[in-house]
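> Pasting a structure here, questions to come.
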Amino acid sequence: MLLSELSHPNELHGLTVSQLEEIACQIRERHLQVVSTSGGHLGPGLGVVELTLALYQTLDLDSDRVVWDVGHQGYPHKLITGRFSQFDSLRQQNGVAGYLKRSESKFDHFGAGHASTSISAALGMAIARDRKGENHKCVAVIGDGALTGGMALEAINHAGHLPNTPLVVVLNDNDMSISPPVGALSSYLNKVRLSPPLQFLSDSVQESVKNIPLIGKDIPEELKNIKGSVRRLAVPKVGAVFEELGFTYMGPIDGHDIENLINTFNAAHRLKKPVLVHIVTTKGKGYPYAEADQVGYHAQSAFDLTTGKSIPSKKPKPVSYSKIFGQTLLKICEQDSKVIGITAAMATGTGLDILQKNIPEQYVDVGIAEQHAVTLAAGMSCDGLKPVVAIYSTFLQRAFDQLIHDVGIQNLPVSFVLDRAGIVGADGPTHQGQYDISYMRSIPNFVLMAPKDESELQRMLITSINHKGPTALRIPRGSGLGVAVMDEGWEPLNIGEAEILEEGNDILIIAYGSMVASAIETAEILKGMNINTCIVNARFVKPLDKNLIIPLASRIQKVVTMEEGTLIGGFGSAIVELFNDNEVNIPVYRIGIPDVLVDHASPDQSKEKLGLMPDQMADKIIQKFKLNN
């Protein structure tokens, strides 16, 4: 059977193991073809092909529920649930999303982009099923990296307390999240991974007991307890953590042996209780380059399938903001041993990999544990260290209470560097960094800043580390502007001090962070229409430079704010509040992201749809203030 002919996942039910293995090869071929052409997540999906096929042969996806954690693993799922022909549009505007999305397919039972949510969602579905008197199966598929997240452990704790609630948790253990997982749980799984299967040994003990004369089929409770003890003696520690938490543990199982996987899943479904099936897979399976470099091939831009090398862009791009940050922090750490870089499983993405390689004693990776990262940093700062928490804007949302309770209220000197702030592109609404200005501006004691270019990033970083209270510095995804940077001698900024970049009397544009460059382009367009613009680089949204902004606004009388963030509670709102609090009655036109979810597309496509391109903004300004008369 051809993968392209598969119209419904239930069509897998009648296939032989050899036919499923053939489809597995076709899935990998299609997966590699599309990702090598347009980019996307590579390694995670390649590792779960057999797991997906075997699991779906044991389920009826018209009624059963499967929740995939994160969604990185979801490409094989998409290919066998009716999206084969559209898969070329992966992560492109109006195309197939890179993550599971309920609005895209009835088989995407729960959307996700952030880690560690699957067990909670699947347990919620299982409880709803039981309350309604239904009997369909509920399954969560979670990676070992996502299992380090506190939310996953909270869900396991809850599910284990419900012994009569059938739930299957499939642990896809590839010894890797995006980067290698860290912590005691990861070390524990490493030991388990090398052990023989547990549940089947347990069953063989039970069969032996059944054959004892005088007992027959009835096994007294005492002997059941003995069975458990024998199991522990035979395979010490294997699965003990999960069993003590109320789960029946099965595994570890070879995640690329389809026949064994099918048998295991069928056995798990029959138990009618919380079960954890431990599957050992190879991230990047079937593509040697991805197997050899599991971090580098987690996600890829377009690459040559033959060589595995990225296809260079036609025009060389400047160094990314993330790398500039990482390189600068490394220099600072070399000069000050109290500075500590902290990440939540995103060393490469945030640029901290260079610190990890060069000064590992000043680097901490907490795993997928954003809440812990924030409070860990707070504790460090209490005793004289200078923590710098590098984290994606979208992921810091998960630690909002810790920002308030553990950092803001205590006014602790913790520096946050919010990567991927603003429009991120192909990862879509779960990853857009559009909310951080709004959610952090409300926290007392925080100083919020954003650089206009790479050089200002360096100055803001040293400003943050030197500041005696909490700070948040937001940087955009992707390349910088090509502005020269320094290896040392960065001059700190005065907190709350903006700068005038261009003088003009017709319009005042106050721009924040990445939108400063767009403001300059917009001003050039307006200049061609004899409209002279005053451009202010705000630098800070909290505190604002009211001594600069209010006099300029009072003189020019027409104010435009520009931000790459949501308008509700954002930078523009801060300007309006400043004027209102100081009884300045001046019209303000706010340009930013309206109250919408920004879907997957290229950053420029998203900005164009939102009206954030310079030519669009120039037209809006002309219409708003009737400057074309």
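Placed from the backbone N, Cα and C atoms, the Cβ positions cover glycine too.
Quick caveat, the model's predicted, so the values are computed rather than measured.
So Swiss-Prot lists the following for this protein:
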- His72, Gly113, His114, Ala115, Gly145, Ala146, Asn174, Tyr287, Glu370: thiamine diphosphate binding site (BINDING)
- Asp144, Asn174: Mg(2+) binding site (BINDING)
> How many Å separate the Cα atoms of Asp144 (Mg(2+) binding site) and Asn174 (thiamine diphosphate binding site)?
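So the Cα of Asn174 (thiamine diphosphate binding site) lies 7 Å away from that of Asp144 (Mg(2+) binding site).
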> What number of additional C-beta atoms lies within 10 angstroms of the C-beta atom of Asn174 (thiamine diphosphate binding site)?
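A count of 24.
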> Are there any residues at least 6 positions away along the chain from His72 (thiamine diphosphate binding site) with a Cβ closer than 8 Å to its Cβ? List them or say none.
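Listed in sequence order, they are His41, Pro44, Gly45, Tyr99, Gly143, His298, Ala299.
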> When you tally the Cβ atoms that lie within 10 Å of each candidate's Cβ, which of the binding-site residues (Asp144, Glu370) has the highest tally?
Glu370
> Inside 10 Å of the Cβ of His114 (thiamine diphosphate binding site), count up the other Cβ atoms and send me the figure.
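Excluding its own Cβ, the number within 10 Å is 21.
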> Across all chains shown, how many C-beta atoms besides its own are within 10 angstroms of the C-beta of Gly145 (thiamine diphosphate binding site)?
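Taking all protein chains shown, Gly145 (thiamine diphosphate binding site) has 29 Cβ neighbours within 10 Å.
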